[in-house]
Every structure is written in structure tokens, then in C-alpha cells.
Amino acid sequence: MNSNKEETTADGSVSTTEEQQQQQQPQQQEQINTTTASTTSNGENTASDNNNNSNNNNNNNTNNTNTNNNCDISMTEDNSKEEDTGIKVIGEGELWGKLISLNPTYPTIEIRQDSIILGRSKGVCNYTFTSPTVSGKHCKIYRDPTVKSRNVAFVDDTSTNGTFINNEVIGKGSKILIENGCEISVIPKKGSEKISFIYQDCFEEQKEMEQGGPQQKYDLREVLGTGNFASVRLGVEKETGNKYAIKIIDKKKMSMTSKRKDSLMDEVNVLTKVKHQNIISIKEVFETQKNLYLVLELVTGGELFDKIVSERKFQEDTCRYILKQLCDSVRYLHSNGIAHRDLKPENILLATPNSFLLKISDFGLSRAMDEGTYMKTMCGTPQYVAPEILTKGEREGYGKSVDLWSIGVITYILLCGFPPFGDPQTKDFFEKIKNGGFSFPSPYWDEISDEAKSLIKNLIKVDVEKRFTIDQALNHPWFTNHEEKTKEFYEKDKLEFPPPSTNDDHQPTPNTTSSNSQLVPESKCDQIQDNTTDNNNNNNNNNNNNNNNNNNNTTNNSNNIDNNNGNDESKSSKKRQLSEDSNINDEHEQKKVKN
């Protein structure tokens with residue numbers, strides 16, 4: 001039990017304090033990528049817990065049931081029964097919903113009556129628990145009996161400490177419409193105290209299975225993440241017990257025309273053939289009238305984005321290992337005619353929580369989206385968008401080069417902990433991208449090598465013809481001069497070190513002589529950017545010295561953000577945090593103008 005103060009409420013449940021409730025609140029992922037196999041931190045732990053359960057029950061093909069008979073549950077005698085399989089059946093009518101338990105202590109519930117009540121009060125609740133933090137009548141799950149063609153189901157929250165849907169609290173006295181695959185949590189804690197279920201709409205599942213969905217072969221369990229037009233659920237292969245991430249793409253929400261549906265399937269067919277040690281693999285594909293299902297390799301390390309927020313910045317050797325993997329996987333895609341076009345830390349996954357072994361996801365499907373959907377996805381994370389995406393009206397006008405721009409931005413963030421173009425909320429943010437207006441402010445970049453700065457300057461280049469290709473990036477001295485150290489990282493993670501890259505001839509040899517040279521020759525933002533070239537570096541150095549004292553306050557603010565970086569932050573608050581850090585660049589630009 002948590003050491004925080006508790007109090008007993010009128011209904012007999014133990015009420016947690018506001019501080020404790022905040023600690024219980026799991027992370028909410030604001031946006032998911034179109035083919036990501038990532039999990040939220042809460043989803044990772046759930047997947048890990050369930051993995052142990054699955055291994056113990058591989059001989060039992062009914063993976064969505066738990067056979068533990070020592071359940072801390074009692075049922076009312078008149079409307080429920082327990083079957084030998086470990087399933088609790090409530091009611092005697094048509095099976096319309098299931099609650100698949102995510103904790104082996106509790107069984108799966110089959111709902112055969114219009115409503116059930118969960119809580120602690122025996123004789124009142126259909127499904128009871130003994131935990132003191134559960135209310136007498138905690139929540140009610142019910143469907144609208146007047147709708148016959150489909151299920152319209154709700155959860156009423158009648159609890160003191162909260163009922164949660166996909167890690168979001170409903171609120172006492174409120175109700176919410178639930179959909180197939182929602183996670184309903186009575187106690188959202190991790191581990192043995194967790195009381196959570198996946199709601200399975202039996203009508204929807206049966207319909208999808210009859211149309212060729214994966215339900216015949218896989219048990220679809222908890223939601224690992226949701227987004228604008230897709231969700232990811234943990235899938236357990238019934239025959240083997242192996243776990244996968246099943247990406248469910250809603251074709252209607254993706255605004256699929258007939259032509260684009262064909263394009264989507266063409267892209268998927270190409271992606272199923274992609275095989276690379278740093279790219280999420282697609283095991284198989286299912287399609288129904290409503291959804292496209294991608295069965296993906298499951299990784300448990302979360303997103304690189306979360307690692308950036310927690311670690312703030314990385315040593316150059318670590319960055320080099322991360323970028324070497326990223327660039328090698330992008331080179332593989334480009335050599336096979338595939339442009340990722342949405343590279344960002346949210347789409348770069350970690351194979352395990354304690355390593356930097358990368359797995360990139362969400363590649364190749366952007367061409368199947370309509371223009372509005374694609375731009376909506378891009379604008380959700382504008383820090384990584386190449387200028388040609390903002391200036392060209394048709395996506396056919398750009399391709400592989402946008403990946404190199406994104407790699408440059410990612411490299412910048414990994415090395416210093418904040419993005420190059422400032423806060424996206426500022427009015428001139430997109431103009432900075434279009435004009436390549438960024439800098440290497442002191443003191444944050446003082447200890448970072450000129451080689452790293454040179455690579456970034458050749459990647460974040462507005463002129464596409466002058467921007468590095470992926471082969472040129474891999475042949476840059478920042479990589480080639482430090483291969484022995486990078487190989488040690490590869491050996492530690494048991495990865496095959498990539499072969500040498502073939503250099504392109506049409507782009508200039510990288511210049512590593514000065515970190516203070518003009519960043520973007522074609523820049524239109526001279527009033528924001530340094531008005532210096534290699535011939536007046538002394539002037540530039542004086543400006544940097546003047547800025548050092550002024551930047552102390554910014555450093556203190558950044559440290560305060562570090563101290564407040566808790567594990568319970570939501571995805572949106574983490575993005576706001578990264579935006580706050582980006583003000584370092586905004587303040588630096590203003591100071592340069594004054595100087």
C-alpha cells in the first residue's frame with residue numbers, strides 16, 4: 001500500500017489523496033504512428049506481465065481465459081455461473097460482450113445480460129473484489145437493448161477513486177461510450193494489484209472474423225496505443241502463444257478512396273518483403289471491409305521520444321550508434337525505393353528498455369493517405385517536417401530527401417536536448433523551417449564536435465540539391481572516423497555491423513573545418529540567422545561569449561524542467577516540455593539580433 005494518506009468514504013472504499021491519484025494516472029499517448037508497434041509505458045509492462053502468463057499456458061489455445069481458481073471474486077448466485085475453463089458467465093442470454101482479464105488473479109467475464117455492476121458489495125454487484133480501494137458499486141457496464149444490429153455499450157463511473165478507460169479517468173457520475181478493444185481499469189496500478197479488462201464486442205469480433213480478420217488465428221488483447229485512424233493491440237497467436245503488435249487501420253478514417261485502397265495494399269505488399277535488423281517486420285496482413293490488420297514484430301523498449309525526454313541528451317558515442325542504425329535502415333529503404341517520409345523519435349522504437357537497439361516503424365504508408373490526412377499527421381509533429389513539404393502543393397514533388405532533413409533534426413535534438421527551430425507555437429516557426437533558420441547556441445553546443453555540427457549543417461539544408469543523400473551522410477567523418485567505438489555498441493547488442501556505404505558524386509565533400517560557418521547559404525532569415533561567414537568567425541565568437549552570461553537563466557530553467565520530469569507525464573505534456581526547451585533557440589536568436 002502506498003504510504004500516502006488514505007481516508008474511508010461513505011461507501012466503504014479507501015479514498016486516495018489527490019497526489020496519490022496523480023501517481024496512479026498512467027501515461028496517455030496523444031498520437032500513434034500509422035504502422036508503429038510501440039507501446040506506452042503502461043502497455044509495455046502489461047505486455048511483459050502477460051508474456052509470462054502466456055508462456056505458462058501455451059498448451060491452452062484459449063488464451064483469452066485465465067484458469068486460476070484462487071480468484072478473489074464472488075458472483076451473485078441468481079445470474080452467474082463459473083465454468084471449468086476459468087470464465088465467469090453473467091446472465092443466460094445472448095453473449096454480447098467479454099471482459100478479458102489482464103491480471104491472472106481474475107478470470108475473463110462473459111456478459112449475457114444487458115448490464116453488470118462491478119464493485120465490493122456482495123449481493124449488489126455481479127462481480128466483486130476485496131481490495132479496499134474499490135468502491136461498493138464501482139462501475140456499471142451496460143448496452144442499449146433497443147439497438148439490435150450492433151452493440152452500443154457504456155461504462156458509468158460510480159466510484160470514489162475512479163474508473164479508467166484506456167488510462168483516462170471517466171469521473172464519478174459520468175459515463176462514456178466504449179468500443180471494441182477498450183481497456184477498462186478498476187485499479188490501473190501495475191503488477192499484482194492491477195484490476196483491468198479488455199472489452200471485447202462479440203458482435204464486432206465475429207463480424208470481422210467472418211470477413212477475414214485475424215481473430216480466428218490471434219487473440220486480440222489490450223490496447224497498446226491509439227491514434228487518429230489506427231490503434232495497436234497486443235495479439236497472441238493461439239497456436240504458439242507468441243506475442244505480436246497488431247496494427248488496426250480504420251480505412252474509413254483514413255479517407256480511403258477506391259484508388260487509395262489499392263495503393264495502400266500495394267504499399268503493404270512491398271513492406272511485407274522488407275527485412276532489416278533495425279526495421280519493424282510485418283509478419284502477415286489481414287483485411288476486412290472496415291479494417292486493415294498488420295501483424296507486426298512486438299518490441300518492448302518504447303519510443304526514442306520517451307528516452308529523449310527522460311535522458312535529455314546523449315553523449316556523442318551513443319548518438320553515433322543511434323544514428324548509425326537509423327541511417328543504415330533508411331539507406332536500406334531508399335535502396336528498395338521506399339521513402340519513410342515521417343521520421344521522428346515517436347516512430348523510432350527501442351527493442352528493449354535497457355538498450356539503444358533501434359527498430360524504425362511507420363514507413364511507406366504515407367502515399368496511401370489522402371493529402372489532408374497526411375498533412376494532419378505531419379502537422380502533429382512539425383519539428384521534423386522538411387521545408388519542401390510546407391512549400392510544395394503535391395507530395396509527388398518530394399521524396400527521399402525529406403528523410404535526410406528529419407535525420408538532421410533528430411541528430412540535433414539527440415546531441416543538445418532541444419529542437420533546432422524553436423517553439424512550434426511561435427508565429428515565425430514555419431518560416432524558420434522554410435529558411436533553414438537554426439544555430440548552435442552556447443553553452444549547449446560548446447563541447448560538441450565540429451564533425452557533428454558539420455553533419456547537421458549538411459542535412460538540415462533547404463536546397464534539396466545540396467542536402468546530403470543517405471550515402472553521403474554515412475560517409476561523413478563523424479561516422480567514419482569513429483567506427484571502432486561504434487562497433488563496440490553493435491557487438492554489445494549482437495547486431496551485424498553494416499557494410500561500407502557507396503558515396504554519391506553529385507554532392508559536395510563535407511566541410512568539417514568550422515562550427516561557426518553560415519548554416520544555410522540560401523537562408524532568407526539573415527535578421528534571425530548569424531550574419532557571418534567563415535571570414536568573420538571572430539565576430540561570431542564574441543557574440544557567443546556575450547551570450548554565455550545571458551544563457552545562465554535558460555540553463556536554470558532547463559534544470560528545473562529536468563527535476564520535474566516524472567514518470568507519470570502524458571505524451572502531450574512531454575511534447576510541451578520539449579517545446580519549452582526549444583525556447584533556448586528562440587532566446588538565442590533574439591539575443592543575436594540585439595548584438
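Using N, Cα and C of the backbone, Cβ positions are placed for all residues, glycine too.
Going by Swiss-Prot, these are the annotated features:
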type: REGION; residues: 1-84; note: region 'Disordered'
type: COMPBIAS; residues: 18-31; note: compositional bias 'Low complexity'
type: COMPBIAS; residues: 32-49; note: compositional bias 'Polar residues'
type: COMPBIAS; residues: 50-70; note: compositional bias 'Low complexity'
type: DOMAIN; residues: 116-170; note: domain 'FHA'
type: DOMAIN; residues: 218-479; note: domain 'Protein kinase'
type: BINDING; residues: Leu224, Gly225, Thr226, Gly227, Asn228, Phe229, Ala230, Ser231, Val232, Lys247; note: ATP binding site
type: REGION; residues: 494-595; note: region 'Disordered'
type: COMPBIAS; residues: 508-520; note: compositional bias 'Polar residues'
type: COMPBIAS; residues: 530-567; note: compositional bias 'Low complexity'
type: COMPBIAS; residues: 585-595; note: compositional bias 'Basic and acidic residues'
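What Swiss-Prot annotates, mapped onto the structure for a quick look.
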{"residue": "Leu224", "record": "ATP binding site", "Cβ within 10 Å": "27"}
{"residue": "Thr226", "record": "ATP binding site", "Cβ within 10 Å": "21"}
{"residue": "Asn228", "record": "ATP binding site", "Cβ within 10 Å": "14"}
{"residue": "Ala230", "record": "ATP binding site", "Cβ within 10 Å": "23"}
{"residue": "Val232", "record": "ATP binding site", "Cβ within 10 Å": "30"}
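Secondary structure of the domain 'FHA' (116-170) per DSSP (helix as H, G, I; strand as E, B; remaining residues coil): 0 helix, 20 strand, 35 coil. The average pLDDT the prediction assigns to the domain 'Protein kinase' (218-479) is 86.
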